[in-house]
Amino acid sequence: MVQISEVKGSSRENRTAAHTHIKGLGLRPDGTAEPSADGFVGQAAAREACGVVVDLIKAKKMAGRAIMLAGGPGTGKTALALAVSQELGTKVPFCPIVGSEIYSAEVKKTEALMENFRRAIGLRVRETKEVYEGEVTELTPEEAENPLGGYGRTISHLIIGLKSAKGTKKLRLDPSIYEAIQKERVTVGDVIYIEANTGACKRVGRSDAYATEFDLEAEEYVPVPKGEVHKKKEIVQDVTLHDLDMANARPQGGQDVMSMMGQLMKPKKTEITDKLRQEINKVVNRYIDQGVAELVPGVLFIDEVHMLDIECFTYLNRALESSISPIVILASNRGHTVIRGTDDITAAHGIPPDLLARLLIIPTHPYTPDEIKTIIRLRAKTEGLNITDPALDKVADHGSKVSLRYALQLLTPASILARVNGRPGGIEEADIAECEDLFLDAKRSAAIVSQDSEKFLS
């Protein structure tokens, strides 16, 4: 029997998350907010404030400052932070965490907080590399008498001829490069490049002038490099300070039995010492002074910040005042509440007053019924769902009376019911009503619990 199997495509499935539709802050060139743009609806004042923050971050004038997004649940705080990250682009580090993430049995909470601080600070290292690139026209090792005596001969240097589109060059190379060339199995007619600083040699492929040759091995034919043989290339690398910390905190061990056994055992999370971080900061500052690297302060976004305790807030105060610190964006949906880690100290948003005094607070306000309707229409389009106008009005009504999250969560089950009921036009009002009966919202569930309290365990 002939075996036939389907080949799965390599393209990823399109998944939609809660904030997939957010593409940016949706601001005009003068910094004012569009009513609806880049997937963002409403919250004009908050978006304009975030736009100013983005401009300050890009100008590198915002480092070491903290911003707070304060508002009720479902008012777009996380969406604002995500829009800020979209506006900044991929080159600026953006590290989102939740307040409860920093509690661990292995690492103390202040260490976890500092780790995320360092993740949000980038270092852009610019390195100029001198490269010799071309097609090999000559490869002659020159021998000399062995300095150790005897009849053997050693390679004193290597003569190599390289040809590019603009000319040829003959190079005299160190014998150590000859070993690298032998490893790469370079022969006359191959295209190679050699780094002048490190002596690293890489075989790119066979010159396409030899493409007509018949060979048993499948060769990759490449064109002769353009420009001169000797080139200067600027290479830009983006790393975070946390990457540097980890590289130095966990150096690769030797080849003895004990280090091999240590690598096989369950890796324990390494706690990076303050001394090591100070040493790395010294090296980073030296690079910045030399002009080799530049610091890119990123954004640390802490959602549900009221979950941090009093020790974390005290540490946050000190960390914000350090010379190398990112922009910190906090978000909380609490009003007056007890600060975690204390018995009876209440404060606005669950944050101590001394830290609150250092924050620039951006308020978010509940959405209007029209804005809720626009958001639901936008989400339905993002998820590829068709919805009729009466059904949209009903869902929007739930969004304003119950909650926006509940209204958005009704869309996908309603689309499945519409498909089962054979409605080609999309989601109708009856599907929303059926979903409403199947899935309770928080208020109705709480009402049932209070009515039938004796049937539940207390």
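Just so you know, glycine gets a Cβ as well, placed from its N, Cα and C.
These features come from Swiss-Prot:
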BINDING   Gly71, Gly72, Pro73, Gly74, Thr75, Gly76, Lys77, Thr78  ATP binding site
REGION    1-31  region 'Disordered'
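The structure, with features from Swiss-Prot marked on it.
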residue	record	Cβ contacts under 8 Å, 6 or more apart
Gly71	ATP binding site	Lys77, Asn333, Pro363, Thr364, His365
Gly72	ATP binding site	Asn333, Thr364, Pro366
Pro73	ATP binding site	Asn333, Ser403, Arg405
Gly74	ATP binding site	Pro366, Tyr367, Ser403, Leu404, Arg405
Thr75	ATP binding site	Gln43, Asn333, Thr364, His365, Pro366, Tyr367
Gly76	ATP binding site	Phe40, Gly42, Gln43, Ala46, Thr364, Tyr367
Thr78	ATP binding site	Ala18, His19, Asp303, Ala331
> Whose Cβ lies within 8 Å of the mean position of the Cβ atoms of Gly71, Gly72, Pro73, Gly74, Thr75, Gly76, Lys77, Thr78, the ATP site, other than those residues?
Replying inline: Asn333, Thr364
> How many neighbouring Cβ atoms, not counting its own, are there within 10 Å of the Cβ of Lys77 (ATP binding site)?
Replying inline: 26
